[in-house]
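For reference, the structure discussed in these notes is given below.
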Amino acid sequence: MVVREYNEEMKYIERLSPNSFLIKKGFQSNMNVEGIFYANSRLEKLMFDELRNACRPGMTGGFLPGVKQIANVAALPGIVGRSVGLPDIHSGYGFAIGNMAAFDMSDPTSIVSPGGVGFDINCGVRLLRTNLFEKDVQPVKEQLAQSLFDHIPVGVGSKGIIPMNAHDLEEALEMGMDWSLREGYVWAEDKEHCEEYGRMLNADPSKVSLRAKKRGLPQLGTLGAGNHYAEIQVVEEIYDKYAASKMGIEELGQICVMIHSGSRGFGHQVATDALVEMEKAMKRDKIETNDRQLACARINSPEGQNYLKAMSAAANFAWVNRSSMTFLTRQAFAKQFNTTPDDLDMHVIYDVSHNVAKMEEHMVNGRPKQLLVHRKGSTRAFPPHHPLIPVDYQLTGQPVLVGGSMGTCSFVLTGTETGMVETFGSTCHGAGRSLSRAKSRRNLDYKDVLRDLEEKGISIRVASPKLVQEEAPDSYKDVRDVVQTCHDVGISNKAIKLRPIAVIKG
C-alpha cells in the first residue's frame, strides 16, 4: 500500500466542481479507472480530515479512509466508468458504505465482491402513506407508537410472529414478495411499487448454507437492531408538487410510515459464507486486490454465480421481511383507529434497496452494455421513462427513499437523466456515519439522546436503550447536506421532506 504525507496525497485529488472531486489514477496502485466523490463544503471537510488522520505516523487498525476505499475499488478487474463515492460515504468493509461501482459483464475478468454489497443484503427502505394527518395522530401518538412496538418484533434477538417453517422459508427465498402475496400479507399493488417487484428471479435457495437458513428462519418479520427502525412521519415540505401527487402526497401534515430493515442474520451469513469461498477462488484465478477485504470472484466463475444466486435469495428474504412488517404496521394502525388499512389508504409509495448488486443495462462510451452494478449504501435512482420503474412514476422518475438518522428528517427524491450518465442511476441512501459505533458509545450518553428526542416531541420505543447512542444524530452526517449535494450535482431531485413524530427501534 502506498503511504504518503497528506500534502502528497492531495496532489491526486482534483476539485471538478463546487461539490465534486476527482481521484486520479496513481492515488492507489493499479487503478483501472478514476474515482469521484460528491461532497459540499461541510461534507468534504469530514472526508479530508479522515484522510489527514490516516496519514499520521502510527495510524493503523480500523477501516481505510473513504477516499482510499473508493480508489481501491477503482483497481478491481472489469470496472467501468468511475468508482463513485456518494455524499453519505463512510468507511466500511472492503467498499466504503456509499460507494457504487459497475463491472462489465462481457469482460471475462470482471468480478463480483460481497464487500460491494455489504453484510446486510438488501437493507432497504419502504414508505407507506396514509390519509391521516398530524392532528389525527397527535392525541393518540403514544398509544400508536406502543401499538407499533407491540406488533413488530424488534431488537437483536427478536423472533418473528409470522408463522414460518423450513418449507415456507425455501419458498419465500425463491419467490420474494410473491410468497407474501400468496400468503395474504401484502396487497397485489404493493409489488408494483417495489424495486424488482419485490423478487430477484435468479434466487436459488440451494446455494444458501443450512446455517444461514437456521439463522433466518426465526427472524422473518422482525426489525432487528442497529440503524433499523419503523418511523411515523409527517410531510413537512413538498419540493416537487407533481412528483408528490403521483405518490399520493397532496398536503403538508400528511402521515407516512417508513420501515428501514434488511435480511437480518440470514444475509450476514450469506456474505460470510461467500467471502470464505472467494478467498479460495482468488488464489486459484490469481486475482490481486489492494485490500484483503475486497475478496471477490470472477462473475462467471462458480463462486461468483453461487454468490449472486444466494445474494438474490437474501434480497428476497429482505423484501418478505419488509412486507411482513408492512402487514403488522397496517394491523397496528387499523387497531388504533378502529378501522381497516384500506380505509386508512395505507398504500406503499415505494420500496428501495441500498445494499445489492444487480445486472443492468447502461451506456458506456456511447454504447449499451450489460453491467453488474454494486450499490453499497447507495440507492438505485432511475430517470423518467425508464422501463424498469412503475407506470405510476414514468413521468416523475423513480422514487428514492433516504432515511435520516434517528430523530432527524427523511427525504423522498426522484431519479434523473444526469444520474444515469454520472453514477449509473445511483444516489445517496441516508445520512452516513461521521462517528464509529465504538466512538459513539464512548462519547455519547443514551439518556441524553432519549431526552433530546423527547424535547423534539418524538415518541420513542426502543428494545435496547443502551444501543441508542450508536444511532444518535451526533453520530451521523447531516442528511440535509447529503440530499442537497445530490440535488445540486443533479444525480437526484428533492421531492418531499418528512419529519419523525414516533420512532420504533431495536
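FYI, residue positions are counted from 1 along the chain as it appears here.
Including glycine, each Cβ sits where the backbone N, Cα and C put it.
Fair warning: this is a prediction, and the values are worked out from it, not measured in the lab.
When Swiss-Prot records D120, C123 as binding Mn(2+) 1, the matching candidate from H193, H228, H347, H362 it lists for that site is H228. Among H260, H487, only H260 appears in Swiss-Prot as part of the Mn(2+) 2 site alongside C123, H354. C123 (Mn(2+) 1 binding site) and A230 (GMP binding site) have their C-alpha atoms 13 Å apart, to the nearest angstrom.
Cβ contacts within 10 Å of C123 (Mn(2+) 1 binding site), excluding its own Cβ and spanning all protein chains shown: 28.
Sequence-distant neighbours of A230 (GMP binding site) (same chain, six or more apart, CB under 8 Å from its CB) are L148, I152, L223, V257, M258, I259, H260, M325, T329, V503, I504, listed in sequence order.
For H354 (Mn(2+) 2 binding site), other Cβ atoms within 10 Å of its Cβ number 31. Take the Cα of H429 (GMP binding site) and measure to each of the binding-site residues D120, H228, H354: the nearest one is H354.
Counting other Cβ atoms within 10 Å of each Cβ, the binding-site residues H228, H260, H429 show the lowest value at H228.
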